[in-house]
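Quick look at what TrEMBL annotates:
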type     : residues : note
DOMAIN   : 17-194   : domain 'Cytochrome b561 bacterial/Ni-hydrogenase'
TRANSMEM : 27-46    : transmembrane segment
TRANSMEM : 66-88    : transmembrane segment
TRANSMEM : 135-156  : transmembrane segment
TRANSMEM : 168-190  : transmembrane segment
Amino acid sequence: MTRITIMNNRKESFVIRFNLTFRLQHVLLFTSMIILSLTGFALMYHDTSWGEMLINLEGGFKMRGRIHRVFAVVLILTVTWHFFQVLFTEKFHREFLKFKPRLKDFKDLMMTMKYYLKLSNEKARFEKFNFIQKFQYWGVITGTFFMGATGIILWFKDFSMAVMPKWVMDVTLVVHGYEGTLAFLVLFLWHQYNAHLNPDVFPMDMTWINGRMLLKDLKERHPLEYEELMKETKIDSAQ
């Protein structure tokens, strides 16, 4: 059962939206992605002045490679940890099912576009995860798979060259680089806007730190989840 607690100071109710494990995985994910982006761009643009500057800041060309590989392992282990919990724990499995794409997500997309284009006054009513959050979640999963697979091929390039034609290596290098660029654009521009720069949450949505969301914000941003909680949840008053 999900608990809603009454905060003592301001008498505001909040819901625990993300537990500590989920928040820790999120920190490991974005930390590894940031470092992978910096070390990856340094290699992609090594022939530019800013690329050379990044390589120097990262301790030189060889150290850049070591850092990149270490945090690639961190990323892969984090995603693996997440999916082991999805497979073997009931709570994470239930949460995972809420990310399942549905026809409603497409309808919500259309309704949201109409709302922002002033073609409708009706907002889409979201469950725990809206269509943007689902897209970004699956983007991380698929992106990690492609980045991991191509990265391993490039990491063990001597073995890869022995069993693969050169054109496969060339394609792998291009895919790895541009998939990383796409991940950067999606996660660090689009996700940052939605999570922190959006006027509804600016300057920052603190949920990723404390796991909490005020009940009034939940009602506004995820009304279907709010209604479900009101039916099923016991409200506690913390003294």
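The backbone N, Cα and C atoms fix where each Cβ goes, glycine too.
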For the transmembrane segment (135-156), distant same-chain residues with Cβ under 8 A (at least six beyond the ends): 29, 36, 69, 72, 75-76, 79, 99, 101, 129, 164, 169, 172-173, 175-176, 179-180, 182-183, 186-187, 190-191
Whole-number mean of pLDDT values that fall within the domain 'Cytochrome b561 bacterial/Ni-hydrogenase' (17-194): 92
